[in-house]
Amino acid sequence: MEPNRRLRYFRSEIPQPVTEHRFPKRVEKLVFSVLSSNALMKLSEVQITTPILYEHYPSPATNGVLDKRLGLSDKVGKCATCGKDTKMCIGHFGTISLALPVFHPGLINDARTMLSIVCPFCSRVKISEADRLKYKVLNHKFSLAIVKEAQEQAKKQVNCPFCHAPSTICKKSQGFRVLREMHYEERATKILADVIKHQKDIEKIQELDQRLRNHVVDPIQALHILQKVPECDYPYLGIPWQSRNVYASQQTPDSIASNDASQLFSRGSSKLLARTASRFIAQHQGISDRATRLTSHAFLTRPQDVILTHIPVPPSCLRPSVQSGSGAGTTEDNLTSHLVRILTINDKLKEAMVSGAVATSKVYAKWDQLNMDVSLLYIGKIPGGVQPVKNKTDSGTKEGTGIIDRLKGKAGRFRSNLSGKRVNFSGRTVISPNPYLSMQQVAIPRLIAQNLTFPEIVTSRNIRFLRELILNGKTYPGANEVLLLNDTIRYNPALKRLGIDVKQSRDMEAKAMELVSRCVDTFNLNSLCADLPELQAAIQHLVSESSNAINSELKAEDLPQNQPLFAKEVYDPAQKGESNNIDNNVCEIDELKLEDTADYQVGESAGQASTVAVEQPPESRTVLKLNSIASLQLTNASSQHLSTFKLNTVSLLQKDRRGRQAIANSLRPNDIVYRHLLPNDTLLFNRQPSLHRMSIMQFNAVIHENRTFSFNPVVCSPFNADFDGDEMNIFYMQGQEARAEAGILMGSHENIISPRHGECMIGLTQDFLTGIYLLSGKGIFMTRQEYCQHVSYGCDGFGDATYGVSLYNYGREFIKSIHDRRGTEEDTVGFVKVPCLSQPCIVYPRQLYSGKQVLSVLMKGNDFDSVNINLEHGDKTYKKDSDRRALSVNDDYIIIQNSEHLVGRLTKTFLASSKNCIFYFLVQNYGPVSAARIMLRFAKVAARFLMNYGFTIGIDDVMPSQRVLGKKEVIVQEGYEKAQEKIRDYESGKLEAIPGSTVQETLEATLNQILSNVRESCAQIALKELHFTNKPLIMSLCGSKGSPINIAQMIIILGQQSFGGSRAPDDFYTRSTPYFYHYSKEPNAKGFILNSFYTGLLPFEFLAHARAGRDGVIDSACKTADTGYLQRRLVKCLEDLSVSYDFTVRNSKKSVVQFRFGHDGFDPIKLEVGTGQCFDLDTLLRHIILLNRSQDLAEGAFPVLLDRYKAEAELDVLLNKDFYGQEACLIERSNVTSYFQQSILPKLTTNTHIATTVAPALAASFLQTTLTKKDIDDFLRQVRRKYIRLNLEPGSPCGAVAAQSVGEPSTQMTLKSFHHAGLASMNITQGVPRLKEIVDGVVKISTPITTVELHVDVDKEELAATVTEKYLEKARMMKNIIECTYLGQISASIIECYSQSVCHIEVNLDMKIIADMGLAGIITVETVVASILHNDKAKKLVGQDQSSGSVSIHSATRFSVRPLTQSRDDLLFDIQSLKLLLPMIPVSGISTCSRAVINEYKEFCQGATSSAPLTKYNLLVEGIGLQNILNVSGIDFTRTLSNNIVEVANTLGIEAAVATISNEIKACMDSHGMAVDMRHIRLLADIMCFRGRVLGFTRFGLTKMKADSVIMLASFEKTGEHLFNAALGNKVDEANGVTESIILGKPMSMGTGSFSLLQAPYFDEKTGKTIEYQPKQTTRFLGEVLNKQYDEEVDAIVNAFWYDEKLYLTGAEAKAKLLRGRRHANKRSWSRGKERHASLKPKNR
């Protein structure tokens, strides 16, 4: 094929983008404004005047709300405005002119504010010139906070600073008017009081009514006032000021009909309304020229726009009419009903104004009814809660049917249709397990695969294969449709009219075909390239070259600038004068006179067959137009016919074999074949709810004959899926770019490690763990036959078990395709042709292989496989202080060297979610593909081994032995005795209360702890006494299911049931159940169950167990909604954050939120160690040493070992090289150095003497740590490589990942607060409620706790006991100082004393209690009296000082208090009030700190001599008042913490608040065992505080975080409020965020959208010129390998028969000719070879 005919490859002399943007025009920003009446009239197509829907059904009434000029709502007919059908016409707006103006329903509060700050006489904002200097910043920077401050100051003005008129304040009034209150408001109030006092004087009532009526501001007056506001006052009204120097000559259209108002005035029936209307008309006619002129920008908000004089009528397609089933009529949309009511009441209002005979009150009532109907149309409700007036004919007025109601909420347009959309090419069905599939594969039912298609573009390399698919048709594998694009272009006579002759000019047609084929979008043919410059240039070039056939040249730049590049109407000479037939703006240069008599139209219509060409009258003309979707369109200019030559999409479902053969023969490159979903195609697999990014991942398809989606159960964890009826979704991507990105970014093997905590999210589960655990046991041996059989289970060489036997039904090419993938980087199956079989572990008396050897073969794979696993770690049951290691009796210490499993049983710790996992090691060192391969092998072998070995659970497995029952009795008896002892102490009063708790609370907490320990002890018995073959014990030990507690509940005892963290409450008439006595504290009466599931439960035990289960079910049901809303708020606030190329975290406005992600910029996925070091240096060094030693032994080399000094010197030399110093920072170098000095070098000192006496190779086997120069070099290289990859990549959406990392585990947290054992019996709010408090930024939290650290001087020589005693003494003292003490706590008595002379209250202090509290000398009578006199509430009763005589001190322990008043009527009431108030008066401590509890904790003390942890004490203070606590002497303020975030921010600053948020979220997660990386939590804290104050993730905080993102705020909550505020403030949305990009359909600026990918040109090395891109010599396409020779032959045939119809051959003929050519070529090559062979024969000597 010639170079200019290769249409697939993009060529250019300069670097070009790899992907050509199909939509070069994008929405860059959105400007919001309130549409004025003038702009609305310009946009309107028709004036709606009649409320009648149909003149003659089904013909809509002219000028009605269903007028056809508004567009179409059904599929029949054409639009009367644009002439298009329903698919192409987007609808047109109309208008309704109101008889009287109304307030805008969404802006009525803003109108009220404007009228309050604008003087009604001079229309100036009531802010003086001097005060305006303070707000001068509004002229160049608009600030809503400054605007509100200025408005508040304007409302306080008594007189207008410009005209000195009295000031007014507008408030709500009845109906839709505004009540203006002036300075005579007090007089009106007095008149009203006089009226009531004189039994409703009629004259005064009328006078009052007249006074109040004169000051009611209706929309007419408001419009008059706001129209005269100068532009310099706009910023104070909340409207940004803009330069308005260019004015139009038009007058303002925002006025009422003056004729109607004049007629109303002449009739004189409504005096008030007439006077108002006439005054408005007179003043309106006298408005200055400046106020009547409009700006050139029609979409700038003005103050008078808050008053409506015209309302828009939406297009008919937005409010379609539904035909009734019987055909008798239609059911109209709610918007249509609202519009009809508005027109009806509008006509009635006009009649009332014209006639003049209607009373004024009725006119006002109709006016209010018009306001109500307009409000229902806009916002679906009536402001102020006013009920609408229902007519007799109305069936009822429904709320929630307005325009705003269609936008807001979950079912609104923003959330239901714009942010999330329903898609095609998707499927959904039930899921089922298949352990023989790779973790990258999902089995798709054949029925689904036949319905899902992919648009495959035909090329010279896949044409043969696609022809075979076309021949199959609907038979799988086949195709459903074919788009013969080339025939549409080649044989279209319209191209001939442009001078493109098929037989004469092939080059020009090739250009046209290349041009249009680039524009066609393969997955949506209705969306073509918009205004491509090269398309316009190509059309100009084609037209200019064919000037003989066309008289004029079309130039895109000659079109008017404001005219769209698309003429929507059909130009008809017979109807040239009608505006409804042609756009008046069509330029004459668009008309191209053609000489031919038959005209055609080339358009686009996907999914329909081509229409025939219709011959037209010779007098018709054709207009060539460029439409907005950049297709080549020839519009027929005849009024009689309108024919279109559409894209030829042919369906194969109804074609027979002959028809499909014809279509296959006509297939050419650039055609599109919609083929079936084939094996190995890329899919997206999803399960809802999608709580994190791993809920939707990329899989490869495998086709099977079943009806479910099948996949490997190891991938269940990220989906949180099980196989009890769950359904999942698939999405079949339709673009090559999307498939490529999904494979790299969303592949399931790429998501083995979760970004939430950096641990494995995908691993072996349940039966797989059980099978591997049993197989790796010490007692598993097998013969060579069994050994090879198990190896073959995992090392599947042919893929039969993986892909299914039914795959052979699809032909050998698919099998060949699968085989060709083996060994490639994308091969996640990991076929093994030649496994690495090892020698038997037992040779005599019989050769036997162990199960560990089978696992070793699975880990090794092929001989050429470079995967070497080196792990050494203890299991969870291995004691950390043990030194037995490989000699552990329980076989729970794992050693794997060079992929040889030597010691230990594999459990969940090494096969699932852990950083000690085998798969985690593989991902970090060898990549995710190797981990996926080995995971599949383990899953296959575990499933087959378990089937052969047998693993069942029966009743005998949970049957306790007599020994176990005996030990149970002993443990239960001991627990009962301890409980009874505590109960007796409680009943006798000997039980002491824990500080901060009552005696009863202390008893319940103690008993709960004692009885819970009983079950724990029984669980330990189960682990020790059960046989090692016990099935529940095996499942518990390997981690597949269950725990020791579950085993104890099945076999031994259920134990204490928990109800919200405590025992069962006595909420059934002072007892838990009717089976027990009232107030019983016995264990069984409080939910302790002595029986097990094996023995069965007693009735009261069954009730307790069911009650505890119900408590958990309710908690789970309630937390679902709370956590779902919590995650939605988190995602909305964090979705815009991403990592920039300077490694800062920025939002969509490019504001810096963090200078480094998580303060260090590291990716949690690549961090191997949680804290301190970034990598597991021990494992890395051991791995390198083992690899080098095995390599040395294989090569026969002798390593030179280093002693300590040589190793240290070598390390210093290597670290100082530039190779390591450029990338590795000083912190990492110091970690490596300290690691060597502490862990490696001491061992070298003690072991290197062996190397002097033994051969080095033998010494290497004995030494515990061997080290060579190569080892150190390789180790540093690996550290450097890992460190370079450690940073989070630029473009990463770190915000969304952080939100999901916190939101997803919150679904597993509890809703209730519980007793925290480590916090000294204080009930701390935890779980979801605490998390909501933190992220919401709540000011008043439920349990504010301040952790007060004490400052104690400790000498180095002091003993631990002395240090502990000092801390305890200091804690008691500080507790008494800080904790608030009330008068009632230290009073012996508070007595009322009545005598003839005086009545008072006598208070006696209990000095013993004061001394016991340690407050002797701090609390005295004088301090108590001073506290009473300084109390705000007591001041009103006893005065402010002692001189008043209300307080008298009688002794050191007694004083009296009496009220100031001596009135008989008030004295008794004041005495009782004072008696209730006195006990609650604080007399010592901090009043806001209700209590302080001493907390004990362990810590290493540097000042003490002992190295053991010391017992220390601190205070937990409940309440607020951090600043007051820090002022107390003796407090260590550097370590004192508070969980009240807002208080910390106000006291210590915003950075302290950031640290507090991070610590609190971390503590909340850790208390529930939820692992979340600290970097995500820090990002949450920074986004809450990066504005300088704490902003919660609420609708209010989000508004302050992203005030300019109108679309995002509207899609979250309060849709109408945000849209109205944005329109009034002329806000500009830059539309750079994620939500805005999704709604507007443009790429977001993160991920792959954060950069542009360029393709460099190819240069000839000799000439230096650019050359065409050449594909690879061999191309794999679903198993069909095409060599270069075949490509050249196909290209030769295509070149010879591509354009010439006479030489066109069918597929069979072309194949025959190809075979003949091959035979001739073989003959020629054979003859040449024979001649050459003859020439090479040796001559005779």
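Any Cβ shown, glycine's included, is placed from N, Cα and C.
Note on CYS89 (Zn(2+) 1 binding site): other Cβ atoms within 10 Å of its Cβ, all shown chains, come to 21. Here Swiss-Prot flags CYS79, CYS82, CYS89, HIS92 as Zn(2+) 1 binding site, drawing on similarity to another entry.
Per Swiss-Prot, the feature Zn(2+) 2 binding site maps to CYS119, CYS122, CYS160. Taken residue by residue with DSSP, CYS160 (Zn(2+) 2 binding site) is part of neither helix nor strand, so it is coil.
The Cβ of ASP724 (Mg(2+) binding site) has 7 other Cβ atoms within 10 Å, all protein chains considered. Annotation comment: Swiss-Prot describes ASP722, ASP724, ASP726 as Mg(2+) binding site, evidence class similarity to another entry.
Look at Swiss-Prot and you will find 1099-1111 tagged as region 'Bridging helix', backed by similarity to another entry. Taking Cβ pairs closer than 8 Å, the region 'Bridging helix' (1099-1111) reaches residues 1054, 1057-1060, 1064, 1072-1073, 1075-1076, 1084, 1087, 1089-1091 in its own chain, all 6 or more past its ends.
Under the heading region 'Disordered', Swiss-Prot lists 1719-1741.
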Over the region 'Bridging helix' (1099-1111), what does the predicted model average in pLDDT?
87
Taking the Cβ of CYS122 (Zn(2+) 2 binding site) as the centre, count every other Cβ atom within 10 Å, in any protein chain shown.
17
Cα separation, ASP726 (Mg(2+) binding site) to CYS79 (Zn(2+) 1 binding site) (Å, whole number):
47
Using the alpha carbons only, what distance in Å do you get between ASP722 (Mg(2+) binding site) and CYS119 (Zn(2+) 2 binding site) once rounded?
69
Rounded to a whole angstrom, what is the C-alpha distance between ASP724 (Mg(2+) binding site) and CYS119 (Zn(2+) 2 binding site)?
71
Just to be sure I understand the packing, how many Cβ atoms besides its own are within 10 Å of the Cβ of HIS92 (Zn(2+) 1 binding site)?
23
Is it possible to get the count of other C-beta atoms within 10 angstroms of the C-beta of ASP726 (Mg(2+) binding site)?
16
Measuring Cα to Cα, how many angstrom lie between CYS122 (Zn(2+) 2 binding site) and HIS92 (Zn(2+) 1 binding site)?
40
Within 10 Å of the Cβ of CYS79 (Zn(2+) 1 binding site), how many other Cβ atoms can you find? Include all protein chains, please.
25
CYS82 (Zn(2+) 1 binding site) to ASP726 (Mg(2+) binding site) - Cα separation in whole Å:
49
Would you mind checking how many other C-beta atoms are within 10 angstroms of the C-beta on CYS119 (Zn(2+) 2 binding site)?
25
To see if you understand the setup: which same-chain residues, six or more apart in sequence, place their Cβ under 8 Å from that of CYS160 (Zn(2+) 2 binding site)?
CYS119, PHE121, CYS122, ARG124, LYS126, PRO166, SER167
Which residues, in sequence order, are found in the same chain with Cβ within 8 Å of the centroid defined by the Cβ atoms of CYS119, CYS122, CYS160 at the Zn(2+) 2 site, excluding those residues themselves?
VAL118, PRO120, PHE121, SER123, ARG124, LYS126, PRO161, PHE162, CYS163, HIS164, ALA165
Can you tell me how far the Cα of CYS89 (Zn(2+) 1 binding site) sits from the Cα of ASP726 (Mg(2+) binding site), in Å?
42
